[in-house]
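Here is the structure we will look at, set down as structure tokens.
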Amino acid sequence: MLRRDFLSSCLGTGLSTALPLGLLPGALRAEAAPLKLRELYNKDKSFSGIALGLEGKPLTVEGFMAPPLKADSTFFVLTKMPMSVCPFCETEADWPADILAIYTRRTFRTVSYSRKIEVSGLLELGPFRDPDTGFLSRVRLTGAHFDIA
Amino acid sequence: MFNALWHSLPLWAQDGAIALALLAPALLQAPLILRGYRLGPLLRGLLRRHAGLSLVFILLIATSVAIGAAITAQERALRQGSARAADKFDLIVAAPGSEITAMLAAVYLQPSALPLIDGETFAEIAATEQVALAAPIAFGDSWQGAPIVGSTAEFVTHLAETLAEGRLFESTEEAVVGAGVPLEIGARFTPAHGHGVADAAEAHDVAYEVVGRMPRTGSPWDKALIVPVEAVWGVHGLADGHGPDWDGTLGPPFDPSRFPGTPAVLIRASSLWANYALQRAFTTERTMAFFPGNVLSRLHAIMGDLRQILSVVALLTQVLVTAAVLAGLMMLTRLLARRLALLRALGAPRRFIFALTWSFAGSLILAGTALGLLLGLIAARILSGMITARTDVLVTAHLGWPELHLVAGFVSLTLSLALIPAALTIRRPVIADLRL
Amino acid sequence: MPRTPPPLRLRDLAVTSPGGRALLTLPKLAIAPGTATVIRGPSGAGKSTLLMALAGLIRPARGEIRWGETDLAALPEPAIARFRRETLGFVFQDHMLFEELSAAENASLAALYAPKAARAGLAARSEALLTRLGLGARGARRVDSFSGGERQRIAVARALATDPPILLADEPTASLDRANADRLVADLMSLARDGGKTVIAVSHDPALIAAADRVLHIEDGALRPESARV
């Protein structure tokens, strides 16, 4: 378990009893069963109804952390399959539909590409060019955090 | 459910909540112990009376806190600095070998002899559809110990975005220099072969003119002198990378058959996913492709592990020092015993005596901790300065939440430990102490 | 409003050393409120032991130490401390002041742990006492700038700052020269008499003995038949 999450669960009991339930944000959806990456797309690579319905809302997606392109950053790529597991079985054409750009709230520690993780964040659709890295993404989870599944 | 709430909090609120939780034992016990008493005059009196000893205790605590804070602040600074220095280097292709060596050479300009990538491979890379920029990074020569790197104007633009002054190089006798290079626009310099003390016999027979200067990047490139890659080849008597009818226009396209080679190629992909595709595409028998950021984050993970070990050691030191200080305090309470007994003989409540002893210890702990944070920051700044001076990677240490969390935990723990000598003092015999 | 001192009644009192040796045995003793009593006797006879027991600083092996209705021998520690700070004033042989504090701070020491409501009165009273003892102008000075006699007067001010009905003193003039001792006795007795306080002092000082209503002789841990006034 990551230290931050350990701390947060330690703090959990105290804070949750201190706040009336009515103040809880509508983030509870994020607690539902994690979404699979492919559920965000239709066959023709357009956004699925699920994706459109969840735009701007919190959700949890499961997948694998691609080796991060930048060190000490708040950005990584979530892939459907473990990266580097099989260099031959995926074609470039599959790529855009199989990855999701993740912007975390805090700089994170790299998780091995073979460990499944569950990422929670707000779903953003539409092209966005990261001013820091110059990377262009079509779909993102922002304000994200993740746990090893 | 709590998780959702927790993650919906702003980061400062999360960090603040953690700090408060760590500080809670101290914050809760202090009012219980101190409530209703005016300890100030006696406390000041005791501290003055035992100023020397108090100072020794404060310095001991400060040193141990400083070590702990400096380690975490320094590691973070190192991480951020090294990551920032590698920011512009998405994907590097080099001849197969050590990724770390290649990264140190191509990104951090730490000299090492690497095998070359030939013209056909370079042409193949440059022609790949998803490649937006493929620039040779031809290091090896130096000027007064500063690396001279051969590349293209596009690379300079990628690195510097806009030049701080001057213009890009337009001929093989021109150079663009980093912000930290002590050469004015218009100055000329002669490259030396390899790195090391400039040796007249080893010096090349050419001179470059500085025509542009890059803005400060906080990376070793601030010390670099970038020249056209054609010039580097020319200096070494190699082909110029272009066909016989070359009109002298620098940069790509290069003629694969007249391309002498480059130890590393920087690739900028046209899209995010392409980085991964290209990394796979150029992982062959002839080339390796890697993300410096990824190599770096693996190094950071090792550094983080080391830091954790060091932090545990530092934490143990802090606890040991505090235990030593508390043992010292117990001796000190013997020194104070007569005055404490007098207070009790006069009718002072036991909790007053308890509070006095505890706040005496607490004053030393708080003063030591505050001083320790300051010393830790200064130590980390000095260390950062040394690292920056040696590696040209801009490393700046600041105190952040991790240090505050460390200190909050330390204060809570030691203030709780200080309950022990306080409890022992009120068990001392009044009459016997009064006659000391 | 000065409080009326409670009468003292000792019964069947026995104080022993931690080793079990008898230090003091007192079958019966009563001291009337508002009187001045001097306890004398050879050193080691048990005078100080008696005084400490009266202050609740020594718990007797058996017997009663009754100040009015309060039996110190039966009270728990915190209640005894409370009794001491509310009802007793104490002057020691060696002034026992806090050298790093000022005269005024020493005199009003009890204000540091007194309830908030009592602090202002305490400070005012200690200031008035210092003035009456001739030290008012120098109240802000640190104790080390005062002579031995003056320090003992500061100690008297401290003992009386809470306006206790009972004043206990352990050889208060023993470390003073004659002139200072006389002045201290005069100050002490006039303050005590004015306030209608009970004074019990261990002393060999002829001036103090002369000023006392009653003198008790203690020898070998027991009270000798009372001599009348010397």
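A Cβ is built for glycine as well, from the same backbone N, Cα and C atoms used for every other residue.
Note: TrEMBL annotation is automatic and uncurated.
Under the heading transmembrane segment, TrEMBL lists B:12-34 (among others). Below 8 angstroms of C-beta separation, residues 6, 351, 354-355, 358-359, 362, 401, 404-405, 408-409, 411-413, 415-416, 419, 422 of the same chain, each at least six residues beyond the ends of the transmembrane segment (B:12-34), sit close to that stretch.
The annotation transmembrane segment is assigned in TrEMBL to B:55-73 (among others). Long-range Cβ contacts of the transmembrane segment (B:55-73) within its own chain (Cβ-Cβ under 8 Å, at least 6 residues beyond either end) map to 307, 310-311, 314-315, 317-318, 320-322, 324-325, 328-329, 364-365, 367-369, 371-377, 379-380, 383, 397-400, 402-403, 406-407, 410, 414.
Summarising the annotation, TrEMBL assigns transmembrane segment to B:309-332 (among others).
Within its own chain, the transmembrane segment (B:352-384) is flanked in space by residues 30, 33-34, 37, 39, 42-43, 46-47, 54, 57-70, 73-74, 77-78, 81, 322, 325-326, 329, 332-333, 336, 340, 343-344, 395-399, 403, 407, 410-411, 414-415, 418-419, 421-423, 425-426, which lie at least six positions past its ends and keep a Cβ under 8 Å from the stretch. Residues or ranges marked as transmembrane segment in TrEMBL: B:352-384 (among others).
Below 8 angstroms of C-beta separation, residues 15, 18-20, 22-26, 29-30, 33, 61, 65, 68-69, 72, 311, 315, 318-319, 322-323, 326, 329-330, 333, 336-337, 340, 350, 353-355, 357-358, 361-362, 365-366, 369, 372-373 of the same chain, each at least six residues beyond the ends of the transmembrane segment (B:404-426), sit close to that stretch. The feature transmembrane segment is assigned by TrEMBL to B:404-426 (among others).
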